[in-house]
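> Quick paste from Swiss-Prot:
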type	residues	note
BINDING	13, 17, 267, 310, 411, 415	ADP binding site
BINDING	13, 14, 15, 267, 310, 314, 411	ATP binding site
BINDING	13, 83, 84, 135, 245	sn-glycerol 3-phosphate binding site
MOD_RES	231	phosphohistidine
């Protein structure tokens, strides 16, 4: 395997990356390219699917140029992606009929709210494991079909295809030969029955979405198809692994046993627990989702999605201009001299799990004349840890499983202050991955298993490289006192409902 490699495409919310891994899981190349974000109206977030495709092609080329590795040295390709983001395109031309509607976008909130008002929320939860929310793909499909002239009729004639970003990239790489998704991405559409492992006819009928639009659903580690040689520099390479970003990170963290938990601190923060081979429906607003399907078995997960994590640090940098580099936030937090009396609730786009309150807005509590820039930065960092505790406590309640430690990754987990505070406020060990790119590594592992690059899960476990471990230093009394303050801050935030009149 010395001259063979696995290539992973990691298509995120703000940028695309291509990473090439060797057999030991080492990065041999890492190419990244950002692409534009579109905000047509307040609360709307869209992407141009062709710009994403061009970014993918660009990063593949740059990864080969940077490393000197040849396309014919790639044994398999893994794809991981921002989940829920919805693309609808013309089957013949391959052209999207509208921008991709991004997972963060709230433009379909009215559709989701109407489903709940009409009493369908519980049925949808029982079948899909999800709460009824604009976050997921189903309402986005309905919205596009409603807002593009003639789209519903074209869909009913079988002229249109739907896909999340994994499906779109697979279709493009194979030049339209393969229209598939995987268990993990399908389970985030709000259209997939996670018990029967099939698209749910009742929900499709409810939303008037033609089944002909939908991709075939396959396991996460299998050969789906091959690249067209003209898209991959003369080589036809198997595309053999696929998973939504958070499930890929779970796999990349080698969390193969029930009860193992990972937390990824990206734009949002996503806590995922492997719950084994039976779906465990949450009574407390967590999402039940498919972790991955491999070797003829399907493994389920509980997930808590926090909408604002790393983006809160970006807000401090770009919106508030409190520092120039995100890395400066750590030194500021350490320099803060206050007693943690300031709380920032970063509900910029509502609150995610376990509250699912789309109407909440960001707030700050506990400031005095003596509050400093450093105090404000520290409180914002702490909000990431408090939100994660909200989810972890709920996860314990739902699963009945004690959580002795958490494996963490993602950009904000680089912040030692945040990771120590996370350990303190949870009272458990935090294990930070040595390589924070576990999402791409998970996609690579899935792809490599399908083509024999790695033999089995035991073979993968040999590649685990522990990073830094953070252990709690805070007393139980202090921990619970601080967390009580956070709970009060969230409750007060949710009470504030006033919105100024829109100027015409």
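Numbers run from 1 along the shown chain.
Positions of Cβ are set from backbone N, Cα and C atoms, glycine also.
It should be emphasised that the depicted structure is a prediction, and the values quoted were computed from it without experimental measurement.
Help me understand the surroundings of these features in the structure.
Within 10 Å of the C-beta of residue 267 (ADP binding site) there are 22 other C-beta atoms, taking all protein chains into account.
Of all Cβ atoms in the shown protein chains, 14 besides its own fall within 10 Å of the Cβ of residue 14 (ATP binding site).
Classification of residue 13 (ADP binding site) by DSSP places it in coil, neither helical nor stranded.
Residues near residue 231 (phosphohistidine) in space but far in sequence (CB under 8 A, at least 6 apart, same chain), listed by position: 57, 172, 173, 175.
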> Work through the binding-site residues one by one (17, 83) and point out the residue whose CB has the fewest other CB atoms within 10 angstroms.
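Taking 17, 83 as the binding-site residues, the minimal 10 Å Cβ count falls on 17.
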> Could you list the residues of the same chain, at least six apart in sequence, whose Cβ is under 8 A from the Cβ of residue 245 (sn-glycerol 3-phosphate binding site)?
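Those within reach of residue 245 (sn-glycerol 3-phosphate binding site), by Cβ under 8 Å and sequence separation of 6 or more, are 10, 12, 80, 81, 82, 83, 264, 266, 270, 439.
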> Reported as an integer number of Å, what is the Cα distance between residue 310 (ADP binding site) and residue 15 (ATP binding site)?
14
> Using all protein chains in view, find how many other C-beta atoms are within 10 Å of the C-beta of residue 84 (sn-glycerol 3-phosphate binding site).
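So the Cβ neighbour count for residue 84 (sn-glycerol 3-phosphate binding site) comes to 26.
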> Of the binding-site residues listed here (17, 84, 135, 267, 411), which is spatially closest to residue 314 (ATP binding site) when Cα positions are compared?
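Among 17, 84, 135, 267, 411, 267.
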> Over all pairs within 13, 83, 84, 135, 245, the annotated sn-glycerol 3-phosphate binders, what is the largest Cα to Cα distance, rounded to whole Å?
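Answer in Å: the longest Cα-Cα distance is 15.
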> Would you kindly give the Cα-Cα distance separating residue 17 (ADP binding site) and residue 84 (sn-glycerol 3-phosphate binding site), rounded to the nearest Å?
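Here the two Cα atoms are 19 Å apart.
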> Cβ distance under 8 Å to residue 15 (ATP binding site), same chain, sequence separation 6 or more: which residues?
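Those within reach of residue 15 (ATP binding site), by Cβ under 8 Å and sequence separation of 6 or more, are 32, 33, 34, 35, 55.
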